[in-house]
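Now, the feature entries from TrEMBL:
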- HIS183, HIS365, HIS369: Zn(2+) binding site (BINDING)
- 1-22: compositional bias 'Low complexity' (COMPBIAS)
- 23-32: compositional bias 'Basic residues' (COMPBIAS)
- 1-42: region 'Disordered' (REGION)
- 117-136: transmembrane segment (TRANSMEM)
- 163-185: transmembrane segment (TRANSMEM)
- 197-218: transmembrane segment (TRANSMEM)
- 230-247: transmembrane segment (TRANSMEM)
- 295-313: transmembrane segment (TRANSMEM)
- 325-347: transmembrane segment (TRANSMEM)
- 367-388: transmembrane segment (TRANSMEM)
Amino acid sequence: MTALASGTASSTSSTTSTPVRVVARRRLRRKSSSSDDSDAGVARQLLRESRQAASWATKTGATGPTAYSKTALHIRRRRLLTWDELEKPTRPTLPASTAGPICTTSLNQPDGSPVNILSHAFGTVACVGLAVTLWLDTWPWTLPSLQTRDVMPNSGNSTADKLAATAYMLGVIVCFSLSALFHTLMCHSADCAARGMAMDITGVLVLMAGAVVPLIHFGLACEHAYVRQAFYVATAVLGTLAAATTWEEGPGPCTSSGPVASATDKGLYRMLIYPIRSMLHWASVQGPANGHRRAALFLGFVTISCAGPLVWMRQADPADWAARIDLWPGVIGTLLCNAVGFVAYTTHFPERRWPRRFDLVGASHQLMHLAVLAAAVTHIGGVNRALAFRRGEGAVCRNGWAS
């Protein structure tokens, strides 16, 4: 009797557990098939959907070339759309392409790429022209200063003055050209986009370092030479360390399988970047777990290299040098423009406030690009006023030190 009862219980448990196992297998199979993102899986999913659409069209009598588009609305899709399935106005960028020239067609695509690319491409060309005209002693560097209101020939500036102004324009050229290149080739591949992002961040650091050079040269012109040299060295060291943290491996051209470094690229990487990255890894700055330390490194670069000369200039000798050099309007204007771009970029304004209205023009990323361009123009205006001041009374320091 006991054996019969146990046998009955075991048979009952087996019969009740079998449907559960079958359901579990079906759920697992359904889950694995729905999460298949391979090309074959996507093709099978599209085939199933087309069959469902054809079946629904047969039942409802829908005919014509728009039958599929109408029936597709009645199908609940459980996966992301591919790039080819998106309507052209809603495509964010070009599909992953192995041909670099194809990426340049993003300049005429109806999305936000042209504004991002052309704004910084225009800034690059403009700064090249300004750098050339500076050394040719022509317009616009012969504009009058806000203090003397007189037009003086640019030939009155020394070579050191011109080099300081050129350093900032070179920083703008490097930053804007790398940014335009990154936004053009970011559709090439994921690896190429990641490498381009590292170049973009490096360009920003080069721009910041270049902006510091006129502040040190003009703002601290009447200070001891070792003060200016100390700021130059700190800017170079901290900027190089911050830039090295953005690179994960040696740079190389983008190919169909991702960036592949040539022998020359690997040699340059081992000579220049690898020793710095090894030192940073030894100092526990590299890696995902040390993001706060990299942030501290960037903050130190901004504080010492950028804010340091401004604070020192406030107490420089003579006391009125900061006001007479006329750098503050350009500095304040640059900070305000960058602040506007930073706020728009971090808050995603205005597309967060008004969705789908600024997908093509006026998005936060585009506003940030235009704000950075305006900041560069403002800073160049401040450098121009400093050059005009140095051509006049600013050529000789009142404290008797050689400027």
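Any Cβ shown, glycine's included, is placed from N, Cα and C.
The shown structure was predicted, so the numbers you read here are calculated from the model rather than taken from an experiment.
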Residues of the parent chain within Cβ reach of the transmembrane segment (197-218), under 8 Å, 6 or more residues beyond its termini:
160-161, 164-165, 167-172, 174-179, 181-182, 186, 228, 231-232, 235-236, 239, 242-243, 246-248, 251, 301-302, 305-306, 309-310, 313, 325, 327, 331, 334, 379, 382-383, 386, 390
Which range out of 117-136, 163-185, 230-247, 325-347, 367-388 gives the transmembrane segment (295-313) the most CB pairs under 8 Å?
230-247
Sequence-distant neighbours of HIS369 (Zn(2+) binding site) in its chain (C-beta under 8 A, six or more apart):
VAL115, ASN116, SER119, HIS120, SER179, GLY341
Whose Cβ, among the binding-site residues HIS183, HIS365, has more other Cβ atoms within 10 Å than any of the rest?
HIS183
